[in-house]
Amino acid sequence: MAEVAETPSVEAQEEVAQPAEAQVLEAKNGDAKKDPAPAAEEAAGGFTKQERAIIRQVEYYFGDANLNRDKFLREQIGKNEDGWVPLSVLVTFKRLASLSTDLSEIVAALNKSEEGLVEISEDKLSLRRHPERPIPEHNEERRKEIQERTAYAKGFPLDSQISELLDFAANYDKVVNLTMRKHYDKPTKSYKFKGSIFLTFETKDQAKAFLEQEKIVYKERELLRKWQVDYLKEKQEEYAQKNEKRKNKKEAKPEPAFELPKNAIVVFEGAPETSSREEIREAFEKIKDFEVAYIEFAKGETKGSVRLTEADAAEKYIAKVEEGKLKFKDEVSLSLRKATEEEEKEFIDKAIEFMKKRRDFTRNKGKRFNRKRHGGNDHKHGGGKKARGD
């Protein structure tokens, strides 16, 4: 029977983020609409539609794909020395509960299964995975083996239900896992079906037979089909191209250059060692029609530089000061002169370097703020328990 995986899987991010590597995507079950009432008569093989759905769902719970990631169910299995899980626990799982909560009905359906995966206890109140069917170790080798027998199919209506897709999968021998691929829709804050699925077959030959069929039509739509490994490789290449294009675009757009006015630096000497930068500014700003942009001066020194905001302002400023002497305080005057070309170049280079560092710091600070704002440290968010999706 097919194992069911209807999911907001990690691949739901693919529209906006680049995967680190091609990977077999894990999934969790979500809510499902209740299937229509089963037909009274038995279908081919002696199963009603309701029985098939119950068997399919329970065997999914105990199947390889689900047990490898379902921590809650593994915990329930571990509570009993022999691995029995009470049916009363299983019927709390949303999808099984949507089919039936009648324990006798579930047991009766499972008694008809020929898979031999699930065993029923003598009192008919508990189930377990058959001891002769141990869970395969989930490692890199196993991941690749699963990927090699998984197909990708696209073209399903966006409003498709999991039950409809399972009915579709039942036509092919033999699908053991079906993943509905979804994306997160921001306006509705919900996961929506993308119209494509992954089908994992029991063997690679079965997957190959599905892919090699000349044409498969679902509800008058021809499906696009390919190996999952090929699909993931194409996506990786697509992401790499997008990133390269984005990188090239960024490199093609140079950072705006910092330009400072020329001939705007006045060098002063004769300041008392106790002078502060604020006092220097106050003295320079007494000369009207000139604006101070930056002062390079450290307390304890007697010499420094003042950059004015406009080009060619240095000579004009000095011309307004009597004999090149700027009154400071306590009858102290500062001797002024225009900076030499070498001094000006050194001053401007240092100023531009400082401005670049400040710009980079501000930009990185903004990025850090946005990461925190949008949940960059996911492990620190959400103190409550995560609801179990079954």
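For all residues, glycine too, the Cβ spot is worked out from N, Cα and C.
The compositional bias 'Basic residues' annotation in Swiss-Prot covers 362-374.
Look at Swiss-Prot and you will find 375-390 tagged as compositional bias 'Basic and acidic residues'.
If you look up Swiss-Prot, you'll see 44-137 marked as domain 'HTH La-type RNA-binding', on the strength of sequence analysis. Counted with DSSP, the domain 'HTH La-type RNA-binding' (44-137) comes out as 43 helix, 9 strand, 42 coil.
Counting residues of the domain 'RRM' (149-234) by DSSP class, helix then strand then coil, yields 24 helix, 36 strand, 26 coil. For 149-234, the entry in Swiss-Prot reads domain 'RRM'.
Look at Swiss-Prot and you will find 259-386 tagged as domain 'xRRM'. If you average pLDDT over the domain 'xRRM' (259-386) in this model, you get 83.
Taken from Swiss-Prot, the feature phosphothreonine applies to THR7.
What Swiss-Prot lists as phosphoserine is SER9, and the listing cites experimental evidence.
Marked as region 'Disordered' by Swiss-Prot: 26-46 (among others).
Residues or ranges marked as region 'Disordered' by Swiss-Prot: 362-390 (among others).
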